[in-house]
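Colleague: Take a look at the following structure, please.
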Amino acid sequence: MSLPYTTEKQVAVAAVRRACVLTNSVFNKLVKNETLTKVGDYAAQAVISSILHRAFPEDPIVGEEDAADLRAESGTGMRERIIELANEALVGELGLDDNVEWGMGPGQEKTTEELLDAIDRGNYPGGPSGRMWTIDPIDGTKGFLRGEQYAVCLSLIVDAQVEIGVIGCPNLPVDLSKPEQGTGCIFVAVRGHGAEQLTLSGASPEPLSIPASTSENLNFLESVEAAHSSHSFNDRVSALLGITRPPIRMDSQAKYCCLARGEGGAYLRMPTGVGYREKIWDHAPGQVLVEEAGGIVTDSRGQPLNFGLGRTLGENFGVIAAGKDVHPRVLEAVQKALSEEKEKARV
Ligand SMILES: Nc1ncnc2c1ncn2[C@@H]1O[C@H](COP(=O)(O)O)[C@@H](O)[C@H]1OP(=O)(O)O
Ligand SMILES: [Mg+2]
Ligand SMILES: [Mg+2]
Ligand SMILES: [Mg+2]
């Protein structure tokens, strides 16, 4: 029997690989010299959306970016730059089995209008039923611009359940403890069929599973940006758990990837203020990856993340991702820290 979603998985990995080549070249050509933010985000969404559309023309897409500003822009050459970069990524030879037999070999150059439309195809509002893809072309834009961690993130959601997650991390060491081994990995999970790490060229799959953990070898993975998740809350939870090791801070869903391969031990993301709603593209690929590596992903109340409510996670409050043995302990400590905060606010 063939594995489910074989074509979807191949197309998704091919799309993420091409987008990673693109974002790498955007960084080297543009970001290093001038701060041209958003070029990589637009171009990568155009590439991934074009590849998905060729393979699955009926599938709707929930993408982070839209092309409204880009259509209105004139005189800066930004739009031309994006079109050129996207076309380079679409037609370039990647030198691997780029699935020509699936109709997925290098594509044809596209017109400006076609690529702007491809970006705008990410405007699907989401919802509880049917198939949809989520794209975060560059997750962790702040990390990308700093030359640190970022991720190209793609998922397939079917009836509100994440079935496939693919996360490309061009700057992530193959092994955090052995930086000399080089950087660049792609993480892939198919629901019910495990999680694996590939090289950036899509080769050498290694199965992933989260090892058992104790407080001694536990430390939190958390955002670099204090505005995106509360560092002080994590410090309190660490203290309650007797964790002495400092947190591992990194941008993007690379945190889910590290967790899935046994680095860190828990990813805790608590909101910093009222009002921000987490986006489905920021968590869908990470959720299936961690679950397929044997972990648990919930919000801070222990509720599953709800991917069927539209473009955001709705009422889900915070995220706790951890191995099976660690998750209940973190959840309990989070509850304790939350009730301490409430108590403090009362007096
Ligand atoms: N106030 C906020 N709270 C939580 N996440 C946020 C907030 N503002 C932006 N984000 C999102 O957090 C993600 C990055 O998380 P991290 O800091 O862990 O790498 C980005 O997708 C970013 O979205 P955006 O790209 O729209 O800025
Ligand atoms: Mg993001
Ligand atoms: Mg993004
Ligand atoms: Mg963004």
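Using the three backbone atoms N, Cα and C, a Cβ is placed for every residue, glycine included.
Pulled the feature table from TrEMBL, pasting it below:
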- E64, D136, I138, D139, D282: Mg(2+) binding site (BINDING)
Colleague: Are there any residues at least 6 positions away along the chain from I138 (Mg(2+) binding site) with a Cβ closer than 8 Å to its Cβ? List them or say none.
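Modeller: Same-chain residues close to I138 (Mg(2+) binding site) (Cβ under 8 Å, separated by 6 or more) are T23, G40, D41, A44, F144, Y150, A151, V152.
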Colleague: Cβ neighbours within 10 Å, counted over all protein chains: which one of the binding-site residues D136, D282 has the most?
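Modeller: When each Cβ's neighbours within 10 Å are tallied, D136 leads.
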Colleague: Please list residues from the chain of E64 (Mg(2+) binding site) whose Cβ is under 8 angstroms from its Cβ, counting only those at least six apart in sequence.
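Modeller: Looking at Cβ-Cβ distances below 8 Å from E64 (Mg(2+) binding site), excluding near sequence neighbours, one finds D41, Q45, G122, I135, D136, P137, K279, W281.
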Colleague: Those binding-site residues, I138, D139, D282: which ones have a Cβ sitting under 6 Å from ligand 1?
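Modeller: Among I138, D139, D282, near ligand 1: D139, D282.
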Colleague: Quick one: give me the count of other CB atoms within 10 A of the CB of D139 (Mg(2+) binding site).
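Modeller: I count 28 other Cβ atoms within 10 Å of it.
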